[in-house]
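Chemist: The structure that follows is given in the form of structure tokens.
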Amino acid sequence: MTAKHYLFLLLFIFCFSSFPSHARFITGRPSPTGLLSDGISTVKNLPYLLLKPPVSAEESCEQSYGFLPCTTTVLGNMFLIIVYGYLMYLAATYLSYGSELLLEILGPGIVGGLFLPMLGALPDAMLILVSGLSGTAETAQSQVSVGMGLLAGSTVMLLTVIWGSCIIVGRCDLHDSVAIDGTNTKGFNLKESGVSTDIWTCYAARIMAISVIPFLIVQLPQALSSTSGRHLAVLIALIISLLMLVSYCVYQVFQPWIQRRRLAFAKHKHVISGILRHLKKHGLGRLLTDDGEPDTEIIRKLFETIDENHDGGLSPSELRALIIGIRFEEIDLDQDDAVSKVIADFDTSRDNLVQEDEFVEGITKWINEAKQTGGAYPESNTGTFKFIDHFHQQTKREHALLGSEEQSDEVVENVENPRWISIKAVLMLLLGTLITAAFADPLVDAVDNFSEATSIPSFFISFIALPLATNSSEAVSAIIFASRKKQRTASLTFSELYGAVTMNNVLCLSVFLALVYVRGLTWDFSSEVLVILIVCVVMGAFASFRTTFPLWTCSVAYILYPFSLGLVYVLDYVFGWS
């Protein structure tokens, strides 16, 4: 029997052992019926005999759906939180696994950009939804702090504990501020080991930082000490949050296409720099005149060396021979595609041949572009400039930052038995959705009951405990990906983390704001919003303008977690923020 079966068995036993029972309490009062004494009617009322007072009707718990177990004891509610939390973990795992299978079949497009991010945020969104739908508005107002605690705790945990752990397990040796794939000889050196990502990960971090705008809007009336505009601010924040959700999904849909275009442009710049370096080498370093202008005479002589049949025009086969001779080892270059792009740049007459004047004009244009991009640096005793080498190095860095083309593949080919995989993916998604919908409400009730039994604010329970259940599958997946110690997997890992936080800030917040607006609840979460803003802005700014993270950066993330928890406690329970 597996651990999963044992857990369901425990839940089954607890269901039957938790139904309300009634007992007669023995007291020292005389019997009002005048029946025969049972021998204890004269005993004084001893307090230690009454181990627990009888639970009144008002203090008794209410069973979820009329049959799920409930209790008012600390240990009983702790048990229920563990069981329901594990069920939510299973739901998140099923949703994650089903999403991966569906992505394997249909590719990143609409499925990967629209549906899968929403499914990943479904457990959190469902818990937030049920926390505000329970009972009357007064009950919802007290329980909605569970939803806010989950929202804040999930965001903070993703960007602190999980982020820092990914830096540790994914660390590689750093050389020239770039992580070398698969190398780890520096151990735990704080400066010489770390993680590198691509430029798309920086874009994901910037989007995450921008996604906190609805929090600023809804918090604005409280910052201005205004009570009249709070309901309107909630509505405006809700509209903007929904618009940002739609925009983010559209970006996710088209991001693979944008990435392919950027990669294609980077490869074309690589071809330009390679050909310029080749011509500079064969032109004895004098592609420019003494005044820095392209030397057309040298360029014409280079044309003659490339024109093998001396017919006055460069054919696609001659250009292909040139490109093969250059040997672009740094990139996986499609030679035919490179030839077609060179012809498109040079062939103004559209005869599929590059004439001598067209070649001179095209090389001159490339040299001027390289000068603008690479800058001019005089070389001693050569009469030319080494900006071409600088342009080449800059192009290599740009291509490396964009990542490999594998990340932008639209469809995964050669999938065996796609019909069965599709059915399995749909079943896993349905099962995860059903478990989430069924046990979200009981979990919120258990957290609320545990809070009452221990006098611990429900916010802190949901801030610390619930994200462990709803984000555990994401945490395990992120750490496993990061442990492969490659730039590509590191980029995917951190992009997923930033994407999950972005969905929290737009989708989960939209659900929360809709509850507050529709049910007329009070927005009373200043300290929680401040924590989310601090963590998202700090980590967003930290990751938006750098692609390499030395090992010491994980300490920043780890420090932010206790800082966030302590800040909420101080602001709420010491200064009484609201």
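Every residue gets a Cβ built from N, Cα and C, even glycine.
So TrEMBL says this about it:
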- 294-329: domain 'EF-hand' (DOMAIN)
- 334-369: domain 'EF-hand' (DOMAIN)
- 1-23: signal peptide (SIGNAL)
- 74-97: transmembrane segment (TRANSMEM)
- 109-130: transmembrane segment (TRANSMEM)
- 150-170: transmembrane segment (TRANSMEM)
- 200-220: transmembrane segment (TRANSMEM)
- 232-254: transmembrane segment (TRANSMEM)
- 421-440: transmembrane segment (TRANSMEM)
- 460-482: transmembrane segment (TRANSMEM)
- 494-517: transmembrane segment (TRANSMEM)
- 529-549: transmembrane segment (TRANSMEM)
- 556-575: transmembrane segment (TRANSMEM)
Chemist: How about long-range neighbours of the transmembrane segment (529-549): same chain, 6 or more residues beyond its ends, C-beta under 8 Å?
Modeler: 151-152, 155-156, 159-160, 163, 167, 174, 177-179, 194-199, 201-202, 205-206, 208-209, 211-212, 215-216, 218-219, 401, 494, 498, 501, 505, 556-557, 560, 564, 567-568, 571
Chemist: Would you kindly check 74-97, 150-170, 460-482, 494-517 and say which stretch has the most C-beta pairs under 8 angstroms to the transmembrane segment (232-254)?
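Modeler: Between the candidates 74-97, 150-170, 460-482, 494-517, the best contact partner of the transmembrane segment (232-254) is 494-517.
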Chemist: Check the transmembrane segment (460-482) against each of 74-97, 200-220, 421-440, 494-517 and return whichever range has the most CB pairs under 8 Å.
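Modeler: So the stretch in question is 74-97.
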Chemist: At least three Cβ pairs under 8 Å linking the transmembrane segment (421-440) and the transmembrane segment (74-97), pairs spaced 6 or more in sequence?
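Modeler: In contact, yes.
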Chemist: Would you confirm whether the transmembrane segment (494-517) and the transmembrane segment (150-170) meet the contact rule of 3 or more C-beta pairs below 8 angstroms, pairs 6 or more apart in sequence?
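Modeler: Checked: the transmembrane segment (494-517) vs the transmembrane segment (150-170), in contact.
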Chemist: Would you mind giving the whole-number mean pLDDT across the domain 'EF-hand' (294-329)?
Modeler: 78
Chemist: Going by DSSP assignments with H, G and I as helix and E and B as strand, what are the residue counts for the domain 'EF-hand' (294-329)?
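Modeler: For the domain 'EF-hand' (294-329), the helix, strand and coil counts are 22 helix, 3 strand, 11 coil.
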Chemist: Kindly report the helix/strand/coil residue split of the domain 'EF-hand' (334-369) according to DSSP, in that order.
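Modeler: Each residue of the domain 'EF-hand' (334-369) counted once, the result is 26 helix, 2 strand, 8 coil.
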